[in-house]
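**Q** My questions all concern the structure below.
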């Protein structure tokens, strides 16, 4: 195991202030990831309602969904605290620096999950609560414990956990899981590998040092680039398939096609640069993938209002 970076030195036991603890607990929930998950929830609710649903329903669903995601992320940090010490990208996480103790993180993660379940069940509906719990179990049990350290397919299968917000959003409005939600699930499912493999290409040495078999660690760069490209095509196809399933109009189709072409051009660029032996600059695709998903779901939100 490599040594911790100087900036990651654990805090002395007596130097944990209340502010440090609060900030540490918030950091464990990975707020930026929660933001991205919620970007998909509200537009899905708007599509299901064919407009703006009840504001109360939106607020409660978003709050409970954020707590559920925070629970999953906190438990992920608790389980992965050993490898987080090895990776430079994660070396400043609260558990690594002893800002938060493992027992505190575990209790906090479980508490968030319980509160999320009760809020979702009593104030939204129990199908949405079950889906939120399924997302937590899938992310923590299937991905973090079962797949992450064992197979290069970890993010392909485990990434399904990040697709649950669209199912939750749809069921919150309709009380069931409709086919449009399934199609949006497929969009995010296909989006996840290019997004995370681009990140893993950039931090390949980190994952290798932690013995996490991400695809860029165990496969040749050209294999990774081609896989990114194929999943990107699947993502774009799924985004266009929403049109006949959800009865959205030509404006959504045009936006989805333009965004898809933009994304595919970048995926092709990575393949080409790898073939030429150049730096693929994968973080361009990583950041682009966030913009792509955000803009696509803005189009989903506006679809009920557009021709």
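Note that Cβ sites are derived from N, Cα and C of the backbone, with glycine treated the same way.
Relevant sequence annotations retrieved from Swiss-Prot are reproduced here:
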TRANSMEM  33-53  transmembrane segment
TRANSMEM  59-79  transmembrane segment
TRANSMEM  106-126  transmembrane segment
TRANSMEM  127-147  transmembrane segment
TRANSMEM  155-175  transmembrane segment
TRANSMEM  181-201  transmembrane segment
TRANSMEM  208-230  transmembrane segment
TRANSMEM  245-265  transmembrane segment
TRANSMEM  285-305  transmembrane segment
**Q** Compare 59-79, 155-175, 181-201, 208-230 by their Cβ pairs under 8 Å to the transmembrane segment (127-147) and return the stretch that comes out on top.
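**A** Stretch with the highest Cβ contact count: 155-175.
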**Q** Near the transmembrane segment (155-175), which residues from the same chain, at least 6 beyond its ends, have a CB less than 8 A from one of its CBs?
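**A** For the transmembrane segment (155-175), the nonlocal Cβ contacts are 37-38, 40-45, 47-49, 53, 57, 61, 65, 69, 72, 120, 124-125, 127-128, 131-132, 134-135, 138-139, 142-144, 146-148, 181-182, 184-186, 188-189, 192-193, 196-197, 200, 214-215.
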**Q** What stretch of 33-53, 59-79, 106-126, 285-305 shows the most Cβ pairs under 8 Å to the transmembrane segment (181-201)?
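**A** The stretch I would name here is 285-305.
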